[in-house]
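Shown next, in C-alpha cells, is the structure this report addresses.
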Amino acid sequence: MLPASPKMEHKAVVFLLLLFLKSGLGDLLDDYVNTQGASLLSLSRKNLAGRSVEDCAAKCEEETDFVCRAFQYHSKEQQCVVMAENSKNTPVFRMRDVILYEKRIYLLECKTGNGQTYRGTTAETKSGVTCQKWSATSPHVPKFSPEKFPLAGLEENYCRNPDNDENGPWCYTTDPDKRYDYCDIPECEDKCMHCSGENYEGKIAKTMSGRDCQAWDSQSPHAHGYIPSKFPNKNLKMNYCRNPDGEPRPWCFTTDPQKRWEFCDIPRCTTPPPSSGPKYQCLKGTGKNYGGTVAVTESGHTCQRWSEQTPHKHNRTPENFPCKNLEENYCRNPNGEKAPWCYTTNSEVRWEYCTIPSCESSPLSTERMDVPVPPEQTPVPQDCYHGNGQSYRGTSSTTITGRKCQSWSSMTPHRHLKTPENYPNAGLTMNYCRNPDADKSPWCYTTDPRVRWEFCNLKKCSETPEQVPAAPQAPGVENPPEADCMIGTGKSYRGKKATTVAGVPCQEWAAQEPHQHSIFTPETNPQSGLERNYCRNPDGDVNGPWCYTMNPRKPFDYCDVPQCESSFDCGKPKVEPKKCSGRIVGGCVSKPHSWPWQVSLRRSSRHFCGGTLISPKWVLTAAHCLDNILALSFYKVILGAHNEKVREQSVQEIPVSRLFREPSQADIALLKLSRPAIITKEVIPACLPPPNYMVAARTECYITGWGETQGTFGEGLLKEAHLPVIENKVCNRNEYLDGRVKPTELCAGHLIGGTDSCQGDSGGPLVCFEKDKYILQGVTSWGLGCARPNKPGVYVRVSPYVPWIEETMRRN
C-alpha cells in the first residue's frame with residue numbers, strides 16, 4: 001500500500017510555474033528547437049499575422065484556446081501559424097520559406113529535477129500498468145484534473161507531477177486496486193550523464209583538474225576541428241563539457257596552453273538510461289544495435305574480450321562504455337564504424353570488421369518483408385540537370401549552402417516518406433540529389449537537424465551561349481543590369497524575368513493584390529530593384545530570385561533565372577569530379593581533368609612529386625620534395641595532364657624559375673613558374689583558405705595523385721580518393737599516430753586502411769568542398785607506410801601559411 005498523499009486527499013497545491021517562460025523574447029527563443037523548411041499538418045492551428053519570429057513566439061505564449069507547442073514562421077507571407085501539435089505526434093512535411101519552432105519542453109522524454117516540468121508521453125507506471133486518462137473518472141475519481149489545473153499539462157494519460165511530488169512524475173492507474181503509482185522517467189542529462197555522456201547538455205565548464213574549458217567556437221589557445229556550426233547535433237555551446245567524438249565521458253579543450261584537452265567530472269545519473277532500441281541477432285544498418293554472438297573477424301581471427309587488455313591495450317571497455325553492450329568477445333559497433341568489429345587475439349592485427357549475416361536475408365527478420373525493394377540504380381556522371389531535374393541521376397550530394405545530403409533510405413536526422421520503396425522510379429540512390437516530387441530542381445534532406453531540406457548546388461543545362469566577362473570583376477561588383485542571368489544567389493539580379501518557374505506571372509512589388517505584403521516593397525527596400533513585377537531577391541534567399549504571384553492560392557514562388565557563366569573561377573572544375581567513395585592506393589581513376597589544379601613535378605622528364613596550381617604563376621608543394629634539388633633548369637611543372645605516361649594535347653609544360661621554402665621549416669614550398677599558365681578547362685587554380693581557417697573534423701576531402709599504387713590499378717592515370725578529416729586529438733591517440741601530429745598538420749584517412757596517399761603523391765593537394773568550390777586545405781606530407789590500418793596520412797595545413805604565401809607572391 002502506498003502511504004497517504006495529496007493524491008488521495010485535499011491539500012493546498014503549489015501552482016505550477018511554467019519554467020520555460022522567460023522575460024525576454026530573445027531568451028524565449030532559446031526554449032524552442034527550430035527546423036528550416038519543415039511544416040506540420042496540425043489539426044489545431046491558427047493563422048496569424050506576424051512581422052518577425054519573436055512576434056510569433058509571443059503569440060504562441062499568449063494562445064489560450066489550446067496549449068501552443070509549436071509555431072511556423074513564413075517570412076515572405078509575414079504569417080505565423082501557432083499549433084497544438086508538434087513533430088512527436090504529427091507528420092512533418094517539407095515546405096519552402098518556413099521555419100518550424102517547437103517548444104523544447106514538449107519534445108523531451110526526460111525529467112529535470114523532480115519532473116514538475118515534464119511534458120513527455122510516457123503513459124505507464126514503473127510496474128508496467130497503463131495510466132488512466134487525467135480527464136477520466138474511472139476506475140479512480142481524480143483530485144487532479146485538466147479543468148482544475150490547466151497549467152499542469154494533464155493531457156491524455158501521460159505521466160505528470162502536478163503537485164510537485166519529490167518522487168517525480170506519476171499517474172492514476174487503470175488498475176482498480178492501485179489508485180496511483182510513479183513512472184520511470186529518465187533524468188535529462190543537464191545535471192548528470194547517462195552512458196558515456198554523448199547526450200550531456202549541462203553547463204559544467206571545468207575539467208577534472210580544475211582547468212577552465214576553452215569555448216568551442218574559439219581557436220585559442222588550441223586550434224581544433226570541433227567547430228559548432230559543423231556539428232549541429234553535438235550541442236557544442238559556450239565552453240561546456242561535451243563528448244562529440246565517442247570518448248568514455250565528456251571533455252573539453254582547456255584554456256591552459258600547456259594542456260590541450262582533459263576529461264570533465266560529470267556525475268552519472270541515478271535513473272536508468274533511455275532505451276537504445278531493440279537488439280538484433282543480424283546486421284541492420286551499420287550494426288549499432290547488433291546483439292548477436294559472432295566473435296570471429298572477417299579474416300578468421302578470434303576476437304579479444306572487451307574487458308581484457310592483451311594482446312591489445314584499449315579504452316573501449318565495458319566500464320568506460322556501459323551502454324554499448326560490450327559482452328564477452330562478441331563483435332560490436334560502439335563507435336559508429338561501418339559495421340561491427342572487435343580487437344583480435346592476433347598481436348599483429350589490432351582490430352578488424354566482422355562478417356554478420358544481414359537482417360534483409362535472415363529468417364530472423366520479418367520487418368518489412370512485404371515491401372518490394374527497388375533495384376540499385378547505377379548513378380551516371382552528370383554536371384547539370386535538364387528541365388526541373390526529375391531525370392537527373394548524377395552523384396552530387398551537396399546543397400546550395402554546402403550542407404551534406406541525408407541518405408534517402410535514412411530517417412536520421414529527418415523522418416520522411418520520400419524513400420526508395422515509396423518512389424521506386426525516382427532514382428533515390430545513396431544521398432544523391434534528386435527531384436522525386438517534381439519541384440523546381442533537384443533537392444535533398446540535409447544531415448543538419450536544423451535544416452530539413454534544401455535545393456542542391458547544381459546548375460541547369462543551358463543552350464544559352466556562355467557570357468564571359470571581358471575582364472575579371474573586382475569583389476563586390478554587381479553584374480550588369482541588362483544581363484538576364486544571375487551571380488551567386490541573385491541578390492544583385494536586375495534582369496526582366498517576370499514569371500515563376502511554373503510559368504505564373506509575377507505580382508507587381510508595389511501592388512497589394514492578390515497578396516498583401518508590407519516588408520518587400522519599393523519603399524521599404526529602395527536598393528533591391530523592386531521594379532514592376534520583375535523577379536528579385538530582396539531577402540538574399542539562398543534559392544535565388546522570386547516574386548509574389550498572380551495566383552491567389554500561391555503567395556510566392558521562385559523564378560528560373562540561370563547562373564551567369566563566368567570566367568574560370570578558382571576551385572571550380574569544368575568537369576564534375578567522380579568523387580568516388582572507394583577507399584592513391586585503393587582509390588579510383590578520376591574523370592579526366594576533373595581536378596584541374598593537379599600538378600606533376602618532373603625531374604628529367606620523370607614524375608617525382610605532386611603539387612597544386614594556386615595562381616597562373618605559382619605552384620604549392622611539399623618542401624621535402626625539393627630536399628635534394630639540382631639546378632632549377634632540371635625541373636618542370638606539368639599541368640593539364642591525366643595520363644602522366646602520355647603526352648596529351650591539353651598538357652602545358654612550364655619550367656620552374658624560383659623556389660621559396662617556408663622560413664620556419666614547415667614541409668611546404670612555393671614554386672614560381674617561368675611564365676603564367678594559360679587558364680583553360682583543363683588548367684584551373686585551386687582556392688586558398690582564409691588565414692588560420694580550421695577544417696572541421698569529419699569533413700569529406702579528396703586527395704589526388706600519380707603516386708605508387710602498390711599493384712592496385714590505374715597505373716599512370718590520375719587517381720582520386722575520398723578521405724574524412726580526423727581531429728588531431730583523435731589522430732594523436734596511442735593506437736594511431738601516438739602524438740606525432742603537429743598543430744600545423746592535419747590527419748585524413750580511413751582508420752581501417754586501404755586508401756591513402758603514397759610515394760609520388762607527396763606535395764599534392766588535399767582539397768575540401770566548401771559550398772560551391774574546392775579549397776586547398778592540405779599539402780601531402782608524410783605517413784607511416786601507405787594505406788596501413790590505424791595510420792592515416794598527414795598533411796601540412798595550408799591556412800596557417802596563407803599570409804606567407806600571399807606575401808611571397810606579392811613581393812616576387
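Here the Cβ of each residue, glycine as well, is placed from N, Cα and C on the backbone.
Predicted, not measured: the structure shown is a model, and the values here were computed from it.
The recorded disulfide partner of Cys269, taken from Swiss-Prot and restricted to Cys188, Cys192, Cys195, Cys354, is Cys192. According to Swiss-Prot, Cys80 forms a disulfide bond with Cys56, chosen from Cys56, Cys60, Cys110.
According to Swiss-Prot, the listed position annotated as O-linked glycosylation site out of Ser365, Ser396, Ser462, Ser518 is Ser365. Of the listed residues Cys264, Cys282, Cys444, Cys456, Cys282 is the one Swiss-Prot pairs with Cys359, by disulfide bond. For Cys323, the disulfide partner recorded in Swiss-Prot among Cys188, Cys195, Cys456, Cys461 is Cys195. By number of Cβ pairs under 8 Å, the domain 'Kringle 2' (192-269) is matched best by 584-810 from the list 384-461, 485-564, 584-810. When Cα-Cα distances from Cys485 (disulfide bond) are compared across the active-site residues His624, Asp667, Ser762, the shortest belongs to Ser762. Between the C-alpha atoms of Cys342 (disulfide bond) and Asp667 (active site, charge relay system), the distance comes to 36 Å.
For the recorded site, Cys195 (disulfide bond), the DSSP three-state label reads coil.
Ranking the recorded positions Asn315, Ser762 by the number of CB atoms within 10 A of their own CB puts Ser762 at the top. Mean pLDDT of the predicted structure over the domain 'Kringle 3' (282-359): 91.
Candidate disulfide-bonded residues: Cys323, Cys506, Cys547. Nearest to Cys192 (disulfide bond) by Cα distance: Cys323. The distance from the Cα of Cys701 (disulfide bond) to the Cα of Ser762 (active site, charge relay system) comes to 16 Å.
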